[in-house]
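**Q** The following feature annotations were taken from TrEMBL:
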{"type": "ACT_SITE", "residues": "Asp286", "note": "active site, proton donor/acceptor"}
{"type": "BINDING", "residues": "Glu139, His206, His227", "note": "Zn(2+) binding site"}
{"type": "BINDING", "residues": "Ala150, Asn230, Ala231, Arg238, His264, Leu320, Cys321, Gly322", "note": "substrate binding site"}
{"type": "DOMAIN", "residues": "59-393", "note": "domain 'Amidohydrolase-related'"}
Amino acid sequence: MVKTKHETVQFINCNILRDHRIIKEDLWVRNGKIINPEKIFFDEKIQSDEKIDCHGSLIAAGFIDVQINGGFGVDFTHNTDDVEMGLQKVAKEILSHGVTSFCPTLVTSVPGTYRKVIPKIKKAVGGTHGANVLGIHLEGPFINPEKRGAHDPGAIHTLEKGMEAVRNMYGNLEDVRIVTLAPEIAGAMDIIPGLISKGITVSLGHSTADLQMGEDAARHGASLITHLFNAMLPFHHRDPGLVGLLTTDNAPSVYYGIIADGVHTHPAALRIAWHAHPKGVVLVTDAISALGLPEGTHHLGELSVEVKEGKAFIAGTSTLCGSIASMDQCVRFFRHAASCSVVEALEAASLHPARALGLDATKGTLSFNADADFVLLSEDLRVKSTWIAGRCVYPSS
């Protein structure tokens, strides 16, 4: 384990995922960054300060979850009185699942909730206390009520006043990373460039948009789709809707979040999406407060949800309202369901989300000068240990 900030640490007896392939090579870390060993050998003419034997483990970039509503009894939207404590708990617990960075997600709420919660969720550097907080994912309230899913219909809002409506709803956007909206609602198209200018990724979701509307949104700068297939028009051969953005040549390419939990998305649908646009897939958990908890009643925003037989429903209905799968489970399921390679499955949970957020220079990769956020995995992709800035933050038992 790294003892001082400036130590050079060499991870040996490992395979590493770099440049889209798995290679037998040591991993070198210093000052929280991945470094090029040639500089050590030829320029500085020194040896590593410490060697860590990985016993044949696979080292991959740490997982990035861009859509997670909570977990372990915590709901980021519902637990408004102890937001910081809940955030810390989730950030800590997801380390055991290989997640080194995440976007706490708030579902459709009234303005008072946003004004209370948003100021308490800050972008933060991770460590032994928990994963990096990349910024908030605001999933709503500017969505189509026809595709609200588990979102509170009474809190859904329009965008007729443009960016003024956004400011009135959310307040300060400094710590916001993603906004999910429905492009077909009045005023939505006009605010996309304004959000992007603030460094916010615009994602399309909870929408009845047809393909032409989706293409128009992509041309305006939207670059992500929220949980593909869920809460949108189903694929139709005459108009594929937002799903058609995976193969369109009439608009910029987009990334698409997809819940690979074996519940929200059929394995055949996963395979179709991946084969249509393999470089755009972004695995998300969409996990709710019941992640890591036993069956029973829990909360998602202001709604009561019931967990039974590995699924989460709005209490008293058959409407799915989020996942209770962890990111490492999603990676394993996706690899099996899509029949893709280990590299492709791992990059869907690391490199692709980093690219979707414009952070791939430092996150989601083991390239030289990237942040030393990574996970040690067994042959069957079970998490053995998790590392942030070159420090072990989760040792397996």
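Just so you know, the numbers here start at 1 and follow the chain as drawn.
Glycine too: its Cβ is placed from the backbone N, Cα and C atoms.
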**Q** Between Ala150 (substrate binding site) and His227 (Zn(2+) binding site), what C-alpha distance do you get in Å?
**A** 13
**Q** Calculate the distance in Å between the alpha carbons (Cα) of Glu139 (Zn(2+) binding site) and Ala231 (substrate binding site), and round it to a whole number.
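**A** Rounded to the nearest whole number, the Cα-Cα distance is 12 Å.
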**Q** Consider the binding-site residues Asn230, Arg238, Leu320, Gly322 and say which one has the Cα lying nearest the Cα of the residue listed as 'active site, proton donor/acceptor'.
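**A** Result: the closest of the binding-site residues to the residue listed as 'active site, proton donor/acceptor' is Gly322.
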**Q** For His206 (Zn(2+) binding site), what residues in its own chain, 6 or more apart in sequence, show a Cβ-Cβ distance under 8 Å?
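**A** Listed in sequence order, they are Glu139, Gly140, Ile143, Asn144, Lys147, Arg148, Gly149, His151, Thr180, Ala182, Thr226, Ala231, Met232.
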**Q** Might you list, by sequence position, any residue in that chain lying six or more from His264 (substrate binding site) with a Cβ less than 8 Å away from its Cβ?
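**A** When sequence neighbours closer than 6 are ignored, His264 (substrate binding site) has His227, Phe229, Asn230, Asp286, Leu320, Ser323 within Cβ distance under 8 Å.
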**Q** Helix, strand or coil for Glu139 (Zn(2+) binding site)? Use DSSP.
**A** strand
**Q** Enter the number of other CB atoms within 10 angstroms of the CB of Leu320 (substrate binding site).
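**A** Excluding its own Cβ, the number within 10 Å is 20.
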**Q** Of all the binding-site residues given, His227, Arg238, which has the fewest Cβ neighbours within 10 Å once its own Cβ is left out?
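**A** Ranked by other Cβ atoms within 10 Å, the binding-site residues His227, Arg238 bottom out at Arg238.
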**Q** Show, in sequence order, which residues other than Glu139, His206, His227 on the same chain lie with their Cβ within 8 Å of the centre of the Cβ atoms of the Zn(2+) site.
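**A** Nearby residues not in the site list: Gln67, Gly140, Ile143, Gly149, His151, Thr180, Ser203, Gly205, Thr226, Asn230, Ala231, Asp286.
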**Q** I'd like the number of other C-beta atoms within 10 A of the C-beta of Asn230 (substrate binding site), please.
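**A** Cβ-Cβ neighbours of Asn230 (substrate binding site) within 10 Å number 17.
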**Q** List, in sequence order, the same-chain residues at least six positions removed whose CB sits under 8 Å from that of Cys321 (substrate binding site)?
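**A** Correct list: Gly149, Ala150, Ile288, Leu300, Leu303, Val305, Ala312, Phe313, Ile314.
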**Q** Secondary structure at Leu320 (substrate binding site) (DSSP, helix/strand/coil)?
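**A** Leu320 (substrate binding site) sits in a strand per DSSP.
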**Q** Name the residues of the same chain, 6+ apart in sequence, whose Cβ is under 8 Å from the Cβ of Gly322 (substrate binding site)?
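**A** Those within reach of Gly322 (substrate binding site), by Cβ under 8 Å and sequence separation of 6 or more, are Asn69, Ala150, Asp286, Ala287, Ile288, Ala290, Leu300, Val305, Ala312.
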